[in-house]
């Protein structure tokens, strides 16, 4: 047959095998091996294709066939093609270009080697058991899959669970998740995690559904549902050769939901418990887990009661020789089982009844029935007695009898017949199996009654999870394998019909022409098993016959199914007459008929059943009755009424329950999970291709692929197809520059009609294109050829461009060389000309220099001659001038001398005349004076002056005497004080000695005594220095007394002189010495006065110094007394205290609810914290610093700019001048304000909190601290004034009510509305705490000062407790405001982080379209992220500006921004790790640019350390940009991304989206990266711990020292607070009043 006569599609199939094309060949060891085409020879009759093995180049594979055969088989005999490397790691098998068996196996193996255990196959999720702990089921991953559509994230069973959940909500239809697979494939674990997902996933989109965060937020029903897993595993799971925790039963769990999709209950149905495992276990297998848990974990008391021993002592447990499981602690598992039983409502008493029953079964297994012909059993058999006692059977002999005998009832008589030993053992084992099966059914009933919703109408939908055994095929297959495979036949039929139905529905929905798909229908096999005359019916018929045998059952099967109608479904083994073979869909299985009848009947003699029903154990009786009622409630077949009801057999029960299960599944929407066991030895990450291939065939995955291939297996949406194959046609059809709106359907039609001539090979639907098998391979070949042509064209043009560029460069270089050479020649010529010109210039300069030098010599000679002549002439002229000048000088001197001589003669003559005249006049005046001196009036005047001087001296002497008396009195006082000090010193010394004797053993008191002795020594030295000062004062007094006597003598002498002068005659002249003496007297008087003044000043200074020292000594003595009283724990005597708040001096508090009451009594108002009464406190108190008020409102109201000014305090002077109601004392007015606390509280709560207008934040004109923090200051003013005046309870009530109002106000805001009020009140709360602490420190200082002065503090303990409580509550208020604030900010930021940082592309030039599409701009034009990076930065700016404007502590600012950035870093990193088909190098550059913007923002806002929270995301972005081609690149990646865990690196590399121009990451690289993942490392995590939205740790900043400020805005009409502020200002402005109070 010539090639031109081949059909087009066969010709296409042959042409695909070009050189280098890879295909698959079968292999005995690996299943399939890959080989590449070396040559393809096609002649007129046959085709020969030679392949080279990809692993071993020495191996060669040859495909030879005739063209007729290829045409006849439609090309199916050709070697299956291998997918390109880019497709081999796909997460959905249906996306493979070549959908065949080896490609499916290779994809699963490739993903498994990369630690990806989940793969989609259309609607089926394939799960390969890793046999190792993987970090795929953490709570964070559960939340990642919650709300995501299937396909957005990597394949996972959580994606199937979420899909089922969304379908239930969207379609209002019940759902079923079928989990199947062979033993050890991980079915139980998968079902467990599915139930955990439904219990813990947080669906934030559903209205009315409770929000969850972790297992701690699960409801009680959800916890009970999860608690059923340990119970079912303990009683229904066992260790097998294939699985350490194999489920030996099937279960269907219905998780019930209400209308709000909350879990309200659950219901479990079980199928075919493996009863035979109770009595026999093969080698290395175990019985059910509960028996080993019981033997290991039972307490000693119960162990003695149950007579339990080690598991090796019981026949039912020791047959296999295995009793332990590696890494499993049966004691811990036993405790878990007990807790789970308690959680589902089974009491501890009932639990021990269960364990007692299990112990009885173990002892029953030890009963040994012997004998040769007839069965025998010793009457005193210990095991029998223990078993009957534990089971509550009263008649042990009766029980023993019916174990050995059988009663046959005929119409007329009852015949008792002895049993053989084997039959007796069968009866014993049947009793044990019956009891255990009934117990298992009872547990199911109890669990259902506890978990199922009891409220009618509450359950609106359910999701069922079916954990069913997979297809089993062993060397010896019995009744259990038959039932299991029968169930799998039913499930496979339902699966095939479901898949066909989905394909059919999609064909109809897309409105394409299609034909009926022929798929392998196993209905005939199912009918052969369950039909009226099927295998199960024949088995029941044989089981009801008294003489029925297994061989009789086989003979009936041979007789009924050896007909041609069952030729392909039933076979008779060639070498056995006691077995039969059923051709199942997966494999032909040979069943051994031995034991079928006994296992099917599985009945207990009626006599023993009666003994069990009449047992003394109420639990056993109730349990059997409950189990029997549950079994009879099972739907039964419609059969003809018979005279006597038939007892149901195990096969009929299983058949009916299976039919019921299929009906339930048929009414639900089904989702499938196929679990695979990758290796037989359960080695971690081991993969056996042949074993997996068999399971793929058995679980129906390959059958599903075959059904899909029979129709249109490949389906592409128009945009995807156009984006991949647009290059096959001319650009006029798709050029985006000329086509703004491209019709993708028309574009696809053009491509298809151009290259696929056969219209049957594809169908165009409404939204998709459907291709027959192999067509995509042909399209891929065309695309590769087209790209090769384009590459050749590009290479041709590039090479031309490179050659032309090389020519142009050579030409440019040649021209450049020529230019350089010419330049060199020109430079040489220029240098020669320059040298010539230089020589000429040198010569000219030399000649000019010589000419100038000669002329200069001649000129100098002429000048010297001229100079000599002129100097001679000048000297002659000067000599004549000097002679004339000398003559003139001589003449002038002579003439002057003559004039002066004449003048002097005339003047002397005149003076002589004047002297004579004046002498004459003076003599006349002297005579007149002499006559006046002799008169009496002159003497009187002199006497009067002398008397005045005497009076002055007398007064001075009197003053000195008074000063002397004062000095003497002061000296006397000092002596008295010294005596008192000596006495006090003696007393202290005496007390010190007493204390030293009584407290010699106390180290602390010894230290105090040492300090007292030092003080004593200092006092003694002070005493001695004082004595020295007194002696000096005595000497000074003596000196002053001597001076006083001298002054008296001088005064007496003056008086005597006055008298003498008075007695002189008037004509007698005054002695010449009198003025001189008067002067000396005056001088002496002044000297004495000065000395007295100096002495007085010295004495006064010494007295002042002594007073200061005395005061200091008194204070030290008082302090010593206080310390002595504290150390001796004596009650100090009561003194009037003034602001004495000493903790060391505080009295014992008798009543914690009384306000500062002293032990001696209490006034009606009580005591202030100082301990003094209110009246005395007002007189002695010191004004406390004021505080600011605090505001609150349900809605944020902002101030107007003109309102932001302080309140005028001018009315303070008015208050001073105006008469106050309670007197002139401001404290009385403050008391009046506090008496009306209701008004004050109203102003604080409403005016300062609820109706406060908050100052809006403004960066350009920020508000002052007074405008922001005045609420805290006003509240602190009120509190401190209340404390000062004794209103402790009122202050406590006021502060707590204000804090509650603030907290309630802040909690009323949500979203971005919390930014301003919460920041405002967070700052005020911390300011209030600082004010309280400052007030407390001020009071402590006053207490310490007053304690030094001997004033005792009363009521301090109560005040201290109040302040500590207030500080603690303020810290709680800060924490609550911060928590509510951060919670709302995080909720908003959670929505913004991923769109802004991950999805937003703000870096121009590196825009990454979705999936790197060519038409990405057109397809994703409306797919912009919800938030941009600018939105995120604006949000952070708003938060930061608000905190800065409201003066939030810088530590809190850094803490807040760090927490928000941590949320951004963790959320974005987790999202990036879980994304698929998204992570490209362009995306990484965009993300890195966004991170850089965040880092710059942090540095600009003084929080550079917060950028460490983005390090994981930064390293992830770097990883995506690094090369990943070689092992060296992998090493570099691990060095650069040192912070990322190996699992995270593997996930990012695995999810890397490769562009068309990039080489895909090789599987070798992926395997190397996966090998670095450590299963046992707890630090090797996939996702970072999510930042909790509801828990924001708050670290309290340090309190700062602050003084309350009097500030109240003018717009607040708060009269009481304004008056209080004014009064406090008056107290602060009047320190004298403050000190006197």
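Glycine is no exception: its Cβ is also placed from the backbone N, Cα and C atoms.
The range from 658-680, 681-703, 704-726, 727-749 that TrEMBL describes as region 'Actin-binding' is residues 658-680. Checked against TrEMBL, the range among 998-1025, 1026-1053, 1054-1081, 1082-1109 recorded as region 'Disordered' is 1054-1081. All protein chains considered, the CB of residue 186 (ATP binding site) has 24 other CB atoms within 10 Å. Sequence-distant neighbours of residue 187 (ATP binding site) (same chain, six or more apart, CB under 8 Å from its CB) are 179, 180, 181, 247, 467, 468, 469, 470, 675, listed in sequence order. Excluding 181, 182, 183, 184, 185, 186, 187, 188 themselves, the residues of that chain whose CB lies within 8 A of the CB mean position for the ATP site are, in sequence, 129, 242, 243, 246, 470, 675, 677. The binding-site residues in question are 181, 184, and the one with the fewest Cβ neighbours inside 10 Å is 184. Mapped onto DSSP helix, strand and coil, the region 'Actin-binding' (658-680) counts 9 helix, 8 strand, 6 coil.
Sequence-distant neighbours of residue 182 (ATP binding site) (same chain, six or more apart, CB under 8 Å from its CB) are 242, 469, 470, 471, 472, 675, 677, 695, 698, listed in sequence order. Taking each Cβ in turn and tallying the other Cβ atoms within 10 Å, the top scorer among the binding-site residues 183, 188 is 188. The average pLDDT computed for the region 'Actin-binding' (658-680) is 90.
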